[in-house]
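Residues or ranges marked as cyanocob(III)alamin binding site by TrEMBL: Thr147, Asn148, Tyr149, Tyr150, Gln151, Asp192, Asn242, Tyr383, Leu384, Trp400, Gln401, Leu402, Leu410, Trp432. Sequence annotations record features per position, and here TrEMBL assigns disulfide bond to Cys22-Cys263, Cys160-Cys203. Taken from TrEMBL, the feature signal peptide covers 1-19.
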Amino acid sequence: MDWMFLALIVLGVFSIVSGKICEVPSGNANLITSLNKKLLRSVEDESEEANPSVYLGLRLSSTHSLSLELEYLAKLQTTLVPSLKSSLSEHKPQPITGLLALYALALRAACADPITATLNDKTVLQHLKQQLHHEKEHIANSNRPLTNYYQYSLGVLSLCVNGVRLNPHVIHKLTEAQKHSAFLHKDSASVDTEAMAGLAFQCLKDSAELYDALLNEHVQHALGAVKAQLVKAQDEKGLIGNVFSTPLAIQALLAMNSAASQCSTAVETLVTEMSLGTFHNPMAISHLLPVLHQKTYLDISKMDCTGEDDSLVLEPRPPAGDLPPEKVMVRVGVESSKAGPAIYTGRVRVPKGSSLHDALKEMQRQKPQEFSFETVDSLWGPYLTTVKGVMTQQENQTYWQLIKSPDTPLIEGIADYKIEHGDTFILRKSKW
Ligand code: B12
């Protein structure tokens with residue numbers, strides 16, 4: 001037998017025996033605590049909308065600041081709930097499956113009762129069930145969900161974690177989507193979707209007694225296929241997809257009780273990336289923290305909110321450093337399709353360390369007649385919706401893709417990507 005293979009088996013057996021699959025190598029406790037604090041600090045930021053995923057990241061950690069978590073839960077109730085209520089009172093179904101699902105998970109993670117919590121006329125879980133019904137109908141009519149399969153999976157996961165029996169047709173649509181490779185996007189988004197579906201399938205498998213044998217067989221098959229795809233997608237550094245999809249992928253593998261050999265390299269790489277400062281977006285941190293504490297979204301169902309640590313204390317915020325006076329040149333091209341010619345090219349000088357968002361703002365300020373753009377807020381930050389008056393839409397599955405010239409799609413949004421001297425970007429209207 002090959003020594004390498006033997007070593008992997010020994011490592012796997014050891015991890016199962018010690019019950020610590022995907023454990024972070026020792027000596028990184030301070031790094032984990034600093035990430036916990038980073039996420040907690042984002043909660044303090046008054047200018048940011050409350051984000052239920054951030055709340056889940058905090059709750060699925062082993063160290064807490066219980067008072068700040070409680071305040072944040074209250075902020076979720078006062079900011080997210082009115083916007084959910086207003087979307088739910090619209091005539092046409094709105095694409096809020098993911099938000100509703102995260103809110104129901106947040107309530108469960110707070111040990112509040114999502115079964116009795118209401119939004120307008122119904123409970124949160126009833127709304128979520130209905131929302132998934134709309135998603136299923138949308139697939140039947142248009143061959144794709146109202147939102148996307150990531151949110152569809154999140155909805156299934158949330159109901160399942162909350163102990164709700166789902167409509168078997170809703171589950172079947174998800175297993176069929178897996179079978180027909182419908183989770184694939186043209187860019188790297190597919191791994192996140194695969195991972196979220198994997199978490200949903202694992203939860204359904206664990207509650208098999210609620211469903212009939214044939215459906216359980218479909219779920220079991222889809223689960224096996226997702227696991228195989230995630231393992232196959234792993235590169236030599238252990239990354240699955242990219243650095244931002246890997247935490248969710250590892251959560252899925254962890255929930256599926258995968259062997260340590262399938263995540264130890266990935267965890268080491270994630271730790272390296274943490275020390276390089278790659279994880280600064282609160283949303284990205286919220287997906288990573290559970291992994292660092294060997295938790296997954298499935299653990300929310302077991303939370304009882306008793307005897308929790310309350311030792312996390314934030315030091316005073318360090319003063320924000322000024323941007324250096326040095327300026328860098330950025331070029332931006334706008335294309336209305338991949339084959340089409342550029343409809344705009346321009347350049348602008350901005351302080352070193354600026355984001356692409358800063359550069360676009362400066363470009364718009366200098367030449368408002370020639371260049372303009374709009375964004376909407378999302379859980380990941382500002383999402384670019386409109387460039388030079390050209391709007392992208394959910395209904396026709398178009399978006400403004402961010403590309404670093406010549407042809408590398410960015411793996412971060414406009415507010416997170418920090419530009420370097422000589423960068424050239426293409427904003428390209430694309431299909432997904
Ligand atoms: C589906 C999806 C898309 C769809 C969204 C359209 C739709 N209506 O479904 C499409 C394909 C258009 C897309 C585009 C992009 N995406 Co995307 N996307 C996702 C995915 C799989 C699910 C998002 C979701 O529905 N969340 C659930 C709901 C509840 O949250 P939400 O915030 O309300 O959702 C909205 C926003 O997230 C927004 N959105 C989607 N992607 C991105 C990316 C950024 C940076 C921002 C600010 C917003 C945003 O669209 C969602 C639906 O309206 C996530 C995976 C993940 N782990 O979250 C990646 C993900 C968020 N996307 C990512 C990226 C990088 C992009 C792009 C920047 C790619 C590019 N080079 O152009 C662009 C955005 C460019 C822009 N115009 O600003 C990264 C972000 C990583 C990071 N650190 O910032 C993720 C995590 C995937 C990954 N692992 O690389 N995406």
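Each residue, glycine too, has its Cβ placed from N, Cα and C.
Locations of recorded TrEMBL features on the structure.
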residue	record	DSSP class
Thr147	cyanocob(III)alamin binding site	coil
Cys160	disulfide bond	helix
Cys203	disulfide bond	helix
Asn242	cyanocob(III)alamin binding site	coil
Cys263	disulfide bond	coil
Leu384	cyanocob(III)alamin binding site	strand
Gln401	cyanocob(III)alamin binding site	strand
Leu410	cyanocob(III)alamin binding site	coil
Does Cys22 (disulfide bond) have same-chain partners at least 6 apart in sequence with Cβ under 8 Å from its own Cβ, and which are they? Ile250, Leu253, Leu254, Ala260, Cys263, Ser264, Ala266, Val267, Val291, Gln294
Checking the recorded positions Cys22, Tyr149, Cys160, Cys203, Cys263 against ligand 1, those whose Cβ falls under 6 Å of one of its atoms come out as none
Pairwise Cα distance for Tyr149 (cyanocob(III)alamin binding site)/Cys160 (disulfide bond) [Å, integer]: 16
Determine the most Cβ-crowded residue among the recorded positions Cys160, Leu384, using a 10 Å radius around each Cβ and all protein chains in the structure. Cys160
Pick the one among the recorded positions Cys203, Cys263, Leu410 whose Cβ has the fewest other Cβ atoms within 10 Å in this structure. Leu410
Using C-alpha atoms only, work out the spacing between Cys160 (disulfide bond) and Asn242 (cyanocob(III)alamin binding site) and round it to an integer in Å. 28
For Cys203 (disulfide bond), which of the binding-site residues Thr147, Asn242, Leu410 has the nearest Cα in space? Thr147
Does DSSP put Cys22 (disulfide bond) in a helix, in a strand, or in coil? coil
Recorded cyanocob(III)alamin binding residues, Thr147, Asn148, Tyr149, Tyr150, Gln151, Asp192, Asn242, Tyr383, Leu384, Trp400, Gln401, Leu402, Leu410, Trp432 - maximal Cα separation rounded to whole Å: 22
Would you mind checking how many other C-beta atoms are within 10 angstroms of the C-beta on Asn242 (cyanocob(III)alamin binding site)? 16
